[in-house]
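What follows is a short report on a single structure.
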Amino acid sequence: MSYLRYYNMLDDFSAGAGVLDKDLFTEEQQQSFMPKDGGMMQNDYGGMNDYLGIFKNNDVRTLLGLILFVLALYSPPLISILMIFISSFLLPLTSLVITYCLVTQMYRGGNGNTVGMSIVCIVAAVIIMAINVFTNSQIFNIISYIILFILFFAYVMNIERQDYRRSINVTIPEQYTCNKPYTAGNKVDVDIPTFNSLNTDDY
């Protein structure tokens, strides 16, 4: 007689033939290491059919925000306001304002008004960033961002006014200017007869 007739090795295991997969592991164990839906994560980043989920990735958001920010740097001041406003939905407005003010003052320069407004915008942005470290109030973020955007709008308008004044005060090239001295008086080198110089005795 066969040995297996008296001894069945499957009797020594709690899980043998006919046991389903769900009976092998508890629910917590399945949630910890077993993949779902073909390994695609749908909770945070979208699944295979959720193409809009790609915009939730930080790398894509950062890339689009940086592209708009660079376009804002090389655009007219009024258009740059719109670019920064759109970029604020992708990147923090505080970082955009600080970088824009620093770069603009470096390659544009400006008078006392623009320099002062840039300092005010930078200080306000730094204060907002510091407060956000300790608080996470959505109401404070909305109010502070509105105030910061108003200050930034005033700064950009000062730049627009400065560029307008520079366009008016255009220097005339030297070849088109008259550099010869001029004094008032008679420039004709001939004697102009007068009434007293006429000789009337001959008539």
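Each position is counted from 1, following the chain as shown.
Keep in mind that glycine also has a Cβ here, set from the backbone N, Cα and C atoms.
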Note to self: Need the matching range: Swiss-Prot marks region 'Binding to OPG125 scaffold protein' on one of 1-38, 39-76, and I'd like to know which.
What the structure shows: 1-38
Item checked: Swiss-Prot annotation, disulfide partner among Cys101, Cys178 for Cys121 -> Cys101
Checklist line | Cβ neighbours of Cys101 (disulfide bond) where a neighbour is any other Cβ within 10 Å | finding: 22
Next item on the list: Ten-angstrom check, please: count other Cβ atoms within 10 Å of the Cβ of Cys121 (disulfide bond), all chains counted.
Entry: 23
